[in-house]
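TrEMBL lists 1-83, 107-195 with the feature domain 'EH'. Residues annotated as domain 'EF-hand' in TrEMBL: 27-62, 139-174. Taken from TrEMBL, the feature region 'Disordered' applies to 208-233.
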Amino acid sequence: FFPQVDSANAGRVLASDAAVFLKKSGLTDLVLGKIWDLADTDGKGILSKQEFFVALRLVACAQNGLDVSLSSLNLPVPPPRFTDTSSPLLLSGTASSDVPWAVKLEDKAKYDAIFDSLNPVNGLLSGDKVKPVLLNSKLPVDILGRVWELSDIDRDGMLDRDEFAVAMFLVYCALEKEPVPMSLPAALVPPSKRKPISVPGAMPLIPSSTSTKESHQSLPPVGILAAKTPLTQ
């Protein structure tokens, strides 16, 4: 990776060149800014080869759901992935399909049972139905907000069976004091979401009678909250 960024063979990387390259990791600017601050130890806006290696290692940590900190540098992680065609390691829509899903089968069965108990409509759960389950974990609201953002992969404001499993997986990780990643690691993207899929523009409206009936049939802690706003979308 280093020769790609140090095309002049100067033995160092300028901030502007590094920024363009590191953006291809798919991480957010916030995370990349943190990575840069940790790698550029003396704040001179230039990375030596060694400092660039630190940045790459931190990118790999972030892509695999680990904390972006110097303490993560010694943890075993696969090499970082970039979308650039000249990269040794490609990260495209299909490349990640080889990565096994981090959600184990036995855990998925448990999460599916919770999903079904919340009375999904057309295989989807609205935010109102998922919210009480998340709040039940007693995790901080900002963490739960990030869990929702990461698990609502197709950004439709609903969770399907696989997205719900991702949310539950992240909640249990957080309860085990593991940091919730800033961006969803490739291994956590459900196989069903790894190829481009067409998302319907709008879900059909649910008649209010069924919605109210369903929310009353939910589990007690969910039912109380879900019944208040059965049709908010």
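Glycine residues also receive a Cβ, built from the backbone N, Cα and C atoms like all the rest.
Bear in mind that TrEMBL entries carry predicted annotations, made automatically and left uncurated.
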- Mind looking up the mean pLDDT for the domain 'EH' (107-195) in the predicted model? 92
- Task: Work out, from DSSP, the number of helix, strand and coil residues along the domain 'EH' (107-195).
- Result: 52 helix, 7 strand, 30 coil
- So how many of the residues in the domain 'EF-hand' (27-62) end up helix, strand or coil by DSSP? 25 helix, 3 strand, 8 coil
